[in-house]
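Student: Mind looking over this structure? Questions follow.
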Amino acid sequence: MALSSVEPTEAPRATGFGALTLGSIGVVFGDIGTSPLYAFREAVHVAAEGAPVTRVIVLGVLSLILWSLLIVVTAKYVLLLLRADNNGEGGTLSLMALGQRALGRRSVPLLVLGVIGASMFIGDSMITPAISVLSAVEGLKIAAPALQHYVVPLTVGILVALFAFQRWGTAKVASAFGPVMVLWFSTLAVLGLLHINDDPSVIAAINPWYAVEFMLSHGVIALVTIGAVFLAVTGGEALYADLGHFGRKPIQAGWLFFVLPSLLLNYFGQGAMVLAHPDAVENTFYRMVPENLLVPMILLATAATVIASQAVITGAFSLISQAVQLGLLPRFEVRYTSETHAGQIYLPRVNMLLLAGVLLLVLLFHSSSALAAAYGIAVSTTMVVDGVMGFVVVWKLWGWRPAAAAALIIPFVAVDAIFFSANLLKLMEGAWVPLLFGFLMAMLVWTWRRGSAMLILKTRRTEVPLPDLIRSLEKRPPHIVRGTAVFLTSDPEYVPSALLHNLKHNKVLHEHNVILTIETAQTPRVDLADRVRMESLGDKFARVRLRFGFMESPNVPKALVIARKLGWQFDIMSTSFFVSRRSLKPAAQSGMPRWQNGLFIALSRSANDATDYFQIPTGRVVEVGTQVTI
C-alpha cells in the first residue's frame, strides 16, 4: 500500500537507536504492515478463478509473496536504496534531486521520471486509506453478519474524521503509533504461529521452485496472480521515503528482525489454515482470529489502518510541499501544526482533494476486494522509476562502471517491470483510477512548468538589467527616503517590477535597497553557513540570495537575521518588503492551447500569497500589482 513516492512522513523525533526503531515501526511499516488483511486472500482468489483452492495454488502464492518481499523490499530498498540518501533524506523527489546533482546538471529525463513517480504517489495515496480502512471494517461481516450493510457508512465516517483531524496535527498522538504497531505486528506473528500448526508442510513454500512451478502451470493466470501478490509489497518503498526521519540502521533493524518475520509468519499461517480448511479462503485473515477476540481484533486492525493512512496523508503533504519548493507546483497554503517540528504541516486544499478522492473510491467500489483491482499500478510505476534513477546514482555518484551498475540494477528493474505488466492487466477492472489521478497530477505539473517558463520569457522582454538602472540612478538620483526596501524577485540580474513601479509612481528611492532572491537547492536542507550570500552593488544597492533546501520551509525574516551577522545593518521595523503581484490575463495569441492557458491562470490565482508563504510580517509588506497577458 503505497507510500510509494512518499516523501518523508513526519514522526516524533527520537534520539536513541531503540526509540528510532520503535518510531520507524509506527510510521514506516504501517502501510506494508496492513497488507495481510487482504493480500493473500486476493492472490488466492485470482489464482483459483472460482475453482477449489489447490495445494499448488497455496504454496505457489506463498512462495511468490515470500520471494517478492525478499527481492523487492529487502534487497532493493532495505539493503540497496537506503544507502542512496540525499543528505540523509530519501524518497522519489530526493532521489531525482540526487541524480541531477550526480549528473552536474538539470536532466530533463530525470525530471520527467521524478514527476511521474510523484504523480503516481498522489494517485495511490487516495487508494491506500480507502482499501486499508475498508479491509479492517469488513471484519464486521464475520463478527456480526447483520452489520455488513454498515461497513461502507462506518468506513466513510472513520475517513472523514481522519481527514478532519489533520488541521490539528499528529504531534500529540504520534507517540502512540509505535506501541500500537508493535502490538499489531506481534499479533500478526502470534496468529501465524498458531495456525502454521494447521498444516506445517506449508513451510515448503520457502523453496522458490513452488513459485516457478505455479507460474509455469498457470499461464496468463499466473501473471494476473502476480498483480495480486504485489499487494503484499506495496508500501515497501516507504522504507526509503522515511529514511530522513529514522536513519538507515533503525529502519533496517526494524524490518529484518521484527516486521519481516511477523509478516511472513502471518502469511504462512493463512496458507496453512487454507490448506486445512479451504472454506477459510473467504476472509483468511479474520478466520484466523478466535471468535471471542474478533471485536478487539477489528478495533486493532482499524487502528493500524488509520495509522497507515495517516502516514500516507502526511507523506502527501510533504511531497506537495517539496514539489512547490522545486517549482513544480504553485505555492499552496501551508499551515504548521507543531511549534517544535517544522515538518509537521497541513495543506488545506490538498487535504480536501485527498478526502474527496478517497470517499469517491469507497462509494464507487464498496469493498476492499473490488479496490484491490485498482491497487498496485501506481506503486509498481514508482518502483520502476526508483530503480532507473537508482542506476544513475550507482553509476555517477558511487562511481561504478556502467556495466557493473547495470548488472546490479537491471534485475531489480526487471522484477519491477513484471509487477508493472501484471498490474496493467487490471487496467479495465479499476487500475485506471490511480493512473487517472496520476495523469491529472502530471498535467498540473506540466502546465505550471510550461506556463512559468512562458511567463519568464514574456516579462523578460520588458525588464531592465539591474546594472543599467543603478548607473542611471547614479546620474539622475531621485528623492531619497530613509529606511531599507527589500524587493523580492526570481531573477536577481534584472530590476524587480516593484522597484520600477516605486520609481515611476512614487518617484522615490530608499537609502538602502536589497534585491532579494530565494533559491531552492538540490539538497533537502542547507547549512546555515550557506543560507545567505550577499553582494554589494554600490552605496544604495545590495543583492542577497537566500538558499533553502527543498524540504525546508522558507522563512525570510529568520534568514535575514543571518545577514546581520555578515555586516548588513538590518532592522525589521524600519524595513519594507516590496512584493510584485501579477494579474494574468489570457492573450489572443498564446503559446499554449486555450485550455492549458486557462488552467495556468487558474493555478496562478490559486497560489498562496508570497507574504504568507515566505513568512514575512504582513505589516511590513507593500504589494505592487501588475497585469500581464499570457
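Cβ from N, Cα, C; glycine included.
What Swiss-Prot records for this protein is below:
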TRANSMEM  14-34  transmembrane segment
TRANSMEM  56-76  transmembrane segment
TRANSMEM  108-128  transmembrane segment
TRANSMEM  145-165  transmembrane segment
TRANSMEM  176-196  transmembrane segment
TRANSMEM  214-234  transmembrane segment
TRANSMEM  255-275  transmembrane segment
TRANSMEM  293-313  transmembrane segment
TRANSMEM  352-372  transmembrane segment
TRANSMEM  375-395  transmembrane segment
TRANSMEM  402-422  transmembrane segment
TRANSMEM  427-447  transmembrane segment
Student: Output the single range from 56-76, 108-128, 293-313, 375-395, 427-447 maximising the number of Cβ pairs under 8 Å to the transmembrane segment (145-165).
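Tutor: When the Cβ pairs under 8 Å are tallied, 293-313 comes out ahead.
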Student: Using Cβ atoms and a strict cutoff of less than 8 Å, what residues sit near the transmembrane segment (14-34) while being 6 or more residues removed from its termini?
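Tutor: Cβ under 8 Å, 6 or more out: 1-3, 73, 128, 132, 135-136, 174, 176-182, 184-185, 188, 232-236, 238-239, 242, 245-247, 249-251, 253-255, 258-259, 262-263, 301, 304-305, 307-308, 310-312.
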Student: For the transmembrane segment (402-422), give me same-chain residues lying six or more residues beyond its boundaries with a C-beta closer than 8 angstroms to one of its C-beta atoms, as numbers and ranges.
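Tutor: Sequence-distant neighbours of the transmembrane segment (402-422): 68, 71-72, 75-76, 80, 223-227, 230, 233, 376-377, 380-381, 383-384, 387-388, 390-391, 394-395.
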Student: Of the stretches 56-76, 214-234, 375-395, 427-447, which racks up the most C-beta pairs under 8 Å with the transmembrane segment (255-275)?
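Tutor: Maximum Cβ contact count belongs to 56-76.
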Student: The transmembrane segment (108-128): which same-chain residues, six or more beyond its ends, come within Cβ distance under 8 Å?
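Tutor: For the transmembrane segment (108-128), the nonlocal Cβ contacts are 1-7, 31, 92-93, 95-97, 99-100, 235, 308-309, 312-313, 315-316, 319-320, 323, 328, 354, 357-358, 361, 371, 374-375, 378-379, 381-382, 385-386, 388-389, 392, 433-439, 441-442, 445-446.
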